[in-house]
Amino acid sequence: MLPQKQAEEAIVSNFSETEHEGKEEEKATAEDQSMFNVKSFLWHGGSAWDAWFSCASNQVAQVLLTLPYSFSQLGMLSGIIFQIFYGLLGSWTAYLISVLYIEYRSRKEKENVSFKNHVIQWFEVLDGLLGPYWKAVGLAFNCTFLLFGSVIQLIACASNIYYINDRLDKRTWTYIFGACCATTVFIPSFHNYRIWSFLGLGMTTYTAWYLTIAALIHGQVDGVKHTAPAKLVLYFTGATNILYTFGGHAVTVEIMHAMWKPQKFKYIYLAATLYVFTLTLPSATSVYWAFGDELLDHSNAFSLLPKTRFRDAAVVLMLIHQFITFGFACTPLYFVWEKVIGMHDTRSICLRALARLPVVIPIWFLAIIFPFFGPINSAVGALLVSFTVYIIPALAHMLTYRKASARQVKRSFPSPPNSSYISQILLLVQFSCILYPTCPYCPPTIGPCPMLIYAVIMFEVTFTKLVSHPISFANFYNAKSVIFLV
């Protein structure tokens, strides 16, 4: 306990300069504000509570409406287990990302690098700790994930508003909401999402409990059936949608960097996940209990609930929340683009907004092309979230601290065990099933090939054991090890 406390005191001193700059900036801002300090209250965030609201608000958005659909594919028990498992595992890898951020920033501050006008991002952490190849991998996965995450929000806006006003088709609504969401270019950074994060979490809370109460009041439909899981492919498709629910790690570093005291981020993501459980579990279980297999043909829970003023209020609140989530997903892309064109340190909000517009236009275009977000959720979950959220952070942490000397100088957080490779194994199993592999020895009716899935598991176990225990290279393939793996 004492070494950990001493390490935390060390990290506090490492960030003293940053905190001092933050306080000076806050003081300078306060001098220009009214007596009630309204602008600071609404606009300038950086506390642990701000980070908690940002993490919780960003974690669950439109996917709240598709979780009952996932339950109809998985079944009640599997849906609950997958939510808890992915949520806790996601909190663990967010913790690993926090450790790596602290390590990277501490090293840079020892080199007298100032981040006063620079936002640290995940690919920069990978570059500083592991080199340019890891930077390229992190940049590719994160940017692609955030790109499609933004596209999903625009599609979802058009899908939801259609339940209130169907006089315009969904593609026209996508044009309209694309223009509205483009205004997020004027929000400089995650510091300025204070009021938006608070409101966004309130909106999802209302929607989740509306779904729960409305489903319970409605009761079970006549002849309701709960046959899931019926097909293996549907089972894993539903699992990837839940995986997407807890895949907000692409903005973890940016949220952490926006804090006045980043070392307080330790358990914030876990606390946010625990609150999200109180929204997702009751709503998904209640709607699935009420409608059962009917959800297989209705990916959006709003479509099965009767039209009332409470449902219309939930639709409007989700539309506003999707605007906020669009900003969360796009802001890291704005930062990357600003750094590419050399505008990242520009103080003028208008100039930065103008420079950011080329990021919004392709997102808008893709949202118009793809009219449905349900399959995109599953595809993004299988192909992008599995690597962005679980595999890359776990591997990066193991490689950064695989040497004893590196573990001894770890600064802020206690050293996690090497068992973090479990997440990679399970995610690659799911990844294999989603891609629906087949072989000439397996009939297509049985679903994914067990031989290929088993091969993926064995490869991943072998690889991660070698990475996490590099000293045992020479002895790893002895007879006992081979027997153990088989």
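Cβ atoms here come from the backbone N, Cα and C positions, even for glycine.
According to TrEMBL:
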DOMAIN    44-414  domain 'Amino acid transporter transmembrane'
TRANSMEM  80-102  transmembrane segment
TRANSMEM  139-161  transmembrane segment
TRANSMEM  173-191  transmembrane segment
TRANSMEM  198-221  transmembrane segment
TRANSMEM  233-255  transmembrane segment
TRANSMEM  267-291  transmembrane segment
TRANSMEM  313-337  transmembrane segment
TRANSMEM  349-373  transmembrane segment
TRANSMEM  379-400  transmembrane segment
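With a threshold of 8 Å between CB atoms, the same-chain residues lying at least 6 positions outside the transmembrane segment (173-191) that come near it are 44-46, 54, 119, 153-155, 157-158, 161-162, 251, 254-255, 257-258, 319, 322-323, 326-328, 330-331, 334-335, 349, 352-354, 356-357, 359-360, 363-364, 367-368. With Cβ pairs under 8 Å as the measure, the transmembrane segment (349-373) is packed most heavily against 139-161, out of 139-161, 198-221, 313-337, 379-400. If you look at the transmembrane segment (267-291) against the transmembrane segment (198-221), you find at least three C-beta pairs under 8 angstroms, all six or more positions apart, and that counts as contact.
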